[in-house]
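*Asks:* The structure's right below; bear with me while I get my questions together.
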Amino acid sequence: MAQTVPPCELPCKEYDVARNTGAYTSSGLATASFRTSKYLLEEWFQNCYARYHQAFADRDQSERQRHESQQLATETQALAQRTQQDSTRTVGERLQDTHSWKSELQREMEALAAETNLLLAQKQRLERALDATEVPFSITTDNLQCRERREHPNLVRDHVETELLKEAELIRNIQELLKRTIMQAVSQIRLNREHKETCEMDWSDKMEAYNIDETCGRHHSQSTEVQAHPYSTTFQESASTPETRAKFTQDNLCRAQRERLASANLRVLVDCILRDTSEDLRLQCDAVNLAFGRRCEELEDARYKLHHHLHKTLREITDQEHNVAALKQAIKDKEAPLHVAQTRLYLRSHRPNMELCRDAAQFRLLSEVEELNMSLTALREKLLEAEQSLRNLEDIHMSLEKDIAAMTNSLFIDRQKCMAHRTRYPTILQLAGYQ
């Protein structure tokens with residue numbers, strides 16, 4: 001507050017003025033007709049005295065006002081300088097505060113950009129891993145389709161098919177998991193970029209405010225670019241307070257840091273998912289390959305046994321054919337003695353009169369015929385049995401050959417088709433998205 005000189009009353013001054021009261025005065029010569037329109041001499045003196053006094057008072061008041069004005073100008077000049085210096089210092093402090101916030105925002109933006117790039121790399125790994133699962137899935141489905149072409153009785157739901165179905169289900173589940181994780185990564189990348197953009201806008205505002213305050217800090221009373229802005233002192237309704245301004249930036253930083261932490265956690269999760277899924281796929285691939293190997297060993301062993309039985313069956317067929325031929329020859333050999341005995345009986349039936357006797361020779365011939373018939377019956381039954389056995393052997397021979405052919409076909413499918421195709425299975429690095 002400027003100090004002023006307090007007002008005070010002027011001292012009374014006496015003035016020595018010569019009065020016109022001599023012998024030749026005209027004070028008494030006034031006529032009655034002019035008396036009313038003229039002043040008295042005393043009035044004239046009083047008027048002069050009043051003018052003198054008024055002039056002195058005005059000069060004295062002017063001197064006091066000049067003194068007060070000079071003093072006020074000096075004080076206001078000093079006050080203006082102090083105020084300007086204080087404002088410059090305050091603007092400088094604000095510059096430091098703005099620079100501090102700007103630096104924190106800059107660091108957070110750089111950290112968020114780096115984190116986003118790392119998450120983008122993880123997303124690309126997920127996409128490569130998802131693409132890599134297409135090869136195992138096509139291999140598995142091709143194996144299942146190829147094994148559908150196995151012939152009876154080898155078209156069975158064996159351990160290999162069970163493992164292949166488990167592998168197909170595992171691949172489908174992993175593909176769904178990778179797709180969900182990719183969508184989660186895309187969403188997190190979008191959030192990272194949104195918060196980075198928010199920090200960039202805040203940083204840009206602070207950069208502009210910093211430049212403005214820096215320009216303000218360089219202004220002084222001798223600056224030529226300053227102008228009068230009478231309405232600049234009006235507060236804007238949208239103006240923030242230091243507390244709300246700091247809270248706004250702090251909230252932006254906290255949200256950005258929170259998303260950056262969530263992004264880092266997601267990257268760790270992606271690493272775990274890719275490691276686990278690639279290991280699970282390779283373990284299941286090894287399980288399928290092991291099942292194929294065991295199944296091929298079983299087929300090889302079964303085919304070897306079938307070949308062994310086929311060899312024995314062929315030998316038995318040969319022996320049985322010889323047996324059938326021998327039985328036929330034996331039957332043929334029994335026909336001549338039977339015909340002899342029957343001829344003898346026939347001829348002896350023509351003996352005359354008492355010579356037609358049932359003698360020992362007759363009974364022996366009858367028993368011979370009966371024995372020969374029984375032998376022929378037994379031989380014919382045995383021949384039928386031998387022929388049926390031969391037919392059975394021929395049937396089993398055909399069945400064995402069909403089974404061997406089916407086993408050979410199954411071995412070809414499992415070994416030459418399926419296992420050869422499975423050599424194209426991706427490596428663990430490809431399944432983990434590194435290649």
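Counting starts with 1 at the first residue shown.
Placement of Cβ uses the backbone N, Cα and C atoms for every residue, glycine included.
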*Asks:* Given the ranges 13-39, 202-228, 310-336, which one is assigned the annotation coiled coil in Swiss-Prot?
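*Replies:* When 13-39, 202-228, 310-336 are checked in Swiss-Prot, coiled coil belongs to 310-336.
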*Asks:* Could you count the residues of the compositional bias 'Low complexity' (70-85) that DSSP puts in helix, in strand and in coil?
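*Replies:* Summed over the compositional bias 'Low complexity' (70-85), the classes give 16 helix, 0 strand, 0 coil.
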*Asks:* What average pLDDT is reported by the model for the coiled coil (363-411)?
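*Replies:* Mean pLDDT, the coiled coil (363-411): 91.
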